[in-house]
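Some features that Swiss-Prot has for this protein:
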- 432: active site, proton donor (ACT_SITE)
- 252: N-linked glycosylation site (CARBOHYD)
- 717: N-linked glycosylation site (CARBOHYD)
- 723: N-linked glycosylation site (CARBOHYD)
């Protein structure tokens, strides 16, 4: 017997181009996991592909094959034990050879692979491990040619990508480069053991009154020899053991223990309670000797997707522990094109930003990867709900028998790997594949329920989303809701706003509607929508090396924006709304204002609709992050620098948010007439679970003078509806013949004497306003070792006051509207005494 030992094979690797034959061609690999682009850079064979036009200089890598090699000593293996070579991820077509003998062939990036090498390592001394990585780009093209009858309809990247189980964004997307990586992208190690815990998971039954829970822990055991193994289960909370139980392992290698938990501490998304995590541990024992120990954290909670008929159609919203949750959040793409470079610390910083921005859900998009454990651990610990796509995106995938088998293994592996995470509340079959079906005119008869028929149509991928994947989720994570696609709703068109989720791209893409009416364009759950903006100047300084290229329409800036038609779309939204500028810094700022306003108009209205029989169940903006330094829809750039939209969204997602908006008049139509009157509305949105009392004030302030143009409106002792919307004014009227000068509507709400939220509605568009000479004052009123407080005041209304984003500095608020008589405080952490003050900019400055 032997206790499980692990020997990571992270050092001592070398690699070379497969076409090279000389020994001199081998180059050292600093550390594994890695991909070839990282290793080429480390050997000065490749420039940073994220800078300038270097992506083009890296294109040769995409069509190459590579070999990785290491030499290792056979680990000591006591009698009765085995030696296993374990790969957590190989990217992608990999032939693994041990001492010249092929022991494994891999064609799926998303699968872990294990090979028993006990006999292969019988000889003492050195052993040579080689991995040949074939070119995925060329293999995909070969596979496509083998099936010319399949309709290879797709958006983004070469359509041949659909034949390969590799991160689809590697073929390039409308926000990322074409970087076809290859390599040992997750850990590789040797394991020596006589028996091991192959899997540990829990199933939780929470009583309806939440006063008790039943936790059943399951274990699967692999052993070299059958025998009297015992599983010692322990249940802990905050490091303190609650209970334990010892169970004999059955002949088929399973054991389970059931624990009754009284008055359990529930797992909640942040803002609703503590994200409490229990820990279950199992010690595998034989003859009083511990052979292997595994621990996993889990949460006690319920999670449902509520779909029920109502006056708007059919609802789609999330309920956790019996509480309806408005899921304001973001979509997530891989945080780097070179995946092994993402550290656990970097993952956690991203999720901390989500919490700082009051976002409660993150959608792991289907064109990337099933994320690293540290991503989900951070979501568990910080209370962020996860919408998890399976890795299919924007295409009509083929369904060859061997590909279906690979997909089944991939889905089983990843559902089993991730099922203990309480943050994951939904599995979704794909991203926009049903939209591809619609646009390509592929066959989809929702009434045909025979899966074998689906395989015979020109849209065979339906079999994956409506049979294979739901069966896997039902078998391995039966308590998690499954949704066939995003967007999708009961087989109706994907743009149907009455059912399921929808991707609303008629702002930016599509009909390019005015962002001021975004709230009228939504559906039951808006799982994608967005607006592009430039990143901050410091990010552009990173990838634009030549000062002469730092102007808005430069070649290199266009190259770093992969969105089709971005020039026309950015220009359209800028010229419709703002006084444009030709200098780069102002141009950056103006695009950020447009993005912030777009997100605000969408989120604000959709959150208000939550209170109307859950008309809108949530909004996940496209997108939170970037995979390289670029110009995109991200609200936080590659270097974790928030754009103004990040703060605009955070304010709208405040637990208590006041909203005010006037009727939108479109000045761009033919023969537009100035309105004589405009309607306005005032409301409060609350995610609090109890009714509260508040005082709401609405002021009407001249843009030109800062003075009140009419008597303010005050609602005292207002009863704020719990977890919903309280409409205070639905038929307000502005008489432009009486109050002709442009003015803002400035709303505030106090609860228990504390000012908790603000909103300012402006005359649209901004380009018609004179925003000069604001009388803004930003004054430091306190300072400590790493924190400063600023007091901001103004004589006239100020639009979108944005502070500089600096490395290691966190700002409590930015992209703020400031009005006279309402001084605001901003806390800055990480700025030390003597540091230069943060620069700031506002509209019209």
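Backbone N, Cα and C define each Cβ position, glycine as well.
The two recorded residues residue 717 (N-linked glycosylation site) and residue 723 (N-linked glycosylation site) have their Cα atoms spaced 18 Å from each other. Cα spacing between residue 723 (N-linked glycosylation site) and residue 432 (active site, proton donor): 31 Å, rounded to the nearest whole number.
DSSP assigns residue 252 (N-linked glycosylation site) to coil, not to a helix or a strand. Spacing of residue 252 (N-linked glycosylation site) relative to residue 432 (active site, proton donor) is 41 Å (Cα to Cα, whole number). Around residue 432 (active site, proton donor), the same-chain residues six or more apart in sequence whose CB sits under 8 Å from its CB are 155, 393, 394, 485, 486, 487, 494, 503, listed in sequence order.
With a 10 A radius on its CB, residue 252 (N-linked glycosylation site) counts 8 other CB atoms from all the protein chains. Within 10 Å of its Cβ, the residue among the glycosylation sites 717, 723 with the fewest other Cβ atoms is 717.
Taken residue by residue with DSSP, residue 432 (active site, proton donor) is part of neither helix nor strand, so it is coil.
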